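Feature list (source: TrEMBL):
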ACT_SITE  B:Thr169  active site, nucleophile
BINDING   B:Thr132, B:Lys158, B:Thr169, B:Glu255, B:Asn379, B:Thr384  substrate binding site
Protein chains: 2
Amino acid sequence: MPAHIKNWSRDDLLLVAIDEGSSVSATFTQNTFCAAPVTVAKEHIASGSVRALLVNAGNANAATGERGIADARACCRAVAASLGIESSEVLPFSTGVIGEHLPLQRLLDAIPQAADRLCSNGWGQAAKAIMTTDTAPKTATRELEVAGERVRIVGIAKGAGMIQPNMATMLAYVATDAAIEQSLLNDWVQEAVAASFNRISVDGDTSTNDACVLIATGASAPPSANPQDDDYARLKAAIIAVHIELAQAIVRDGEGATKFVTVQVTGAASSEEALKVAFEVGESPLVKTALYASDPNWGRLVMAVGNAGIEGLDTGGVNIYLDDVQVVEAGGRAAGYREELGEAVFSKPEFTITVDLGRGDSREHIWTCDFSHDYVTINAEYRT
Amino acid sequence: MPAHIKNWSRDDLLLVAIDEGSSVSATFTQNTFCAAPVTVAKEHIASGSVRALLVNAGNANAATGERGIADARACCRAVAASLGIESSEVLPFSTGVIGEHLPLQRLLDAIPQAADRLCSNGWGQAAKAIMTTDTAPKTATRELEVAGERVRIVGIAKGAGMIQPNMATMLAYVATDAAIEQSLLNDWVQEAVAASFNRISVDGDTSTNDACVLIATGASAPPSANPQDDDYARLKAAIIAVHIELAQAIVRDGEGATKFVTVQVTGAASSEEALKVAFEVGESPLVKTALYASDPNWGRLVMAVGNAGIEGLDTGGVNIYLDDVQVVEAGGRAAGYREELGEAVFSKPEFTITVDLGRGDSREHIWTCDFSHDYVTINAEYRT
């Protein structure tokens, strides 16, 4: 619902009430300057029961000192009063401009109204309320059968800039009506984030505010998932799939992005090494401007691979492919490569760059986007 | 002189003959995919005497495999034949597009002509010959008296993109007619590079080719500098000053740059920590687009400080200044700060951002530039 946090009339406040007995798990930004709501949310989630989430867009309540913490707590108290729960059962989240105080009174006025309007089917509207520079709301859903019961998973996310790994690089909320016990849920949220939000990059900056929350209400009432069951594996896979779909949606909506690119590294000595190379390629401004220009400037790919600082890498063993087109063979230009072939791939809105390091069996992939004039425009004008 | 390496008529080949008995020291790129000429130059400098430098622009001879190495060696042999020296006494350097083979015949044709045209006063012309996307040649000079003799230092450099620390991030050649013994010179080039080229950033990418060479011919024939002398300290300071002036010239000419910004970190627990924070701030695309927009979006500064991953940082002890204007006080907006004050600083073509971490006595600084539309344009169109 609209709390008029900025000078706009759109929805910018989201209140989510969570059924009693649900399991809730979360991961948070690793930025040292974490925002006030992150500090409070971490404290509240550690205390046990979580019954509500409050999310505002337009103001990050970050770098706001003691007053920021007090503001976040005041919001939690208002939610608690409206819903008849404890203030420590509320997790607060904020996203938007850093360094300005929350318009607290507007939030306190809006919270009871939001509580009055709670509905069980508001995910689409919720996805819209948490948007900042996003150009589209981001949702993902799955349905499957677990222990003979129909189980639903729904997720929403926001984020388009300040996107880099090391959790949590945006706001994402995923809920299922399956029953998943707390310790399992804690593991799953880590695993899901590692496979999704920690593999995307828009600009290499990590926000002060971001978080991913996974909720299992158990409302569909199947027996708790059992790690020995095939159902367990399918439920987990579906939850991870929702996270990946949301993460990819963030990259697709990357600020100014015109291309969605998978960077895949194979033949690595370790998974860590593969990810390092993938991020070095996927985050290089020179690679990203070449993607934007549809210019298969593979010299920049090679440069980026070399910058990953992989000890003992034999560059003569490196092969690079643009989709199926081999562009680098044994560290140099591939014999059959012609510029037109590379251009045809780079002109597509989606494609895969594969770097084969030729020194092991590990492989990893990340998702990135190009770096366009619009990225500069969006970020040069964001506050105005 | 023009070797027509690309389809242009400008000078693109530089031959430097070095007097017998000179000391020569160099540092090279740390990119794993280092270029063929870097491999050959490292081999040759290790073998002892250096009598000539050959530099071409327009083609990096990088990611060119065995043929690239053979091409670089062929160029060295041609220089050796023209000057009557050993091929191992020639250091080859290339800068330009990665992944294409050198137009070897054109180079072999041009080298004897370059040898015929050697002159003792060609530094200005030399600085032009090694340019790629540079918009201006970069030179720096100093003169001082050492042991009663007039001593000159002259340096040239090229570089505008693919600029990041970890040596060597461009091509730079500094020469003095002072006498400096080899082991001292080796120390000085490291120290000078650490104070200059390793403190600049344009886009965070490190090139495959870059190098810095320091030459001391001893032609002015003063007694060798003595570490106990005041002259020694002044000579060293002047050499470092030439390196810094060249490094700053590279940032000022950063691709698309409209601003020259010093990022200074004080109150750090260690020099390493101070540099980490300085680079995190100076390389953040979100900070750099804010610089471009003259928007004192200090929330992004705070975000970047938080991303440096400084263990145990008390964000409540962080103060940030834009020149003399305090914008962040104790981790939040400074009490007396008004937006107009920050805007006035950010609108200047040169200014300093100071981050005081408030936890120690170490301080460091780097130089960076903004991230503009033109950066994208230049790098989206470079090969065309």
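The backbone N, Cα and C atoms fix where each Cβ goes, and this holds for glycine too.
Just so you know, the Cβ of B:Thr132 (substrate binding site) picks up 21 other Cβ atoms within 10 Å once every protein chain is counted. Using a Cβ-Cβ cut-off of under 8 Å to chain A, the binding-site residues B:Thr132, B:Lys158, B:Glu255, B:Asn379 reduce to B:Asn379. Sequence-distant neighbours of B:Lys158 (substrate binding site) (same chain, 6+ residues apart, CB-CB distance under 8 A): B:Ala57, B:Thr95, B:Ala127, B:Ile130, B:Met131, B:Thr132, B:Asp134, B:Lys138, B:Met170, B:Leu171, B:Ala172. When Cβ atoms from all protein chains are considered, those within 10 Å of B:Asn379 (substrate binding site) total 28, not counting its own. The DSSP secondary structure for B:Lys158 (substrate binding site) is strand.
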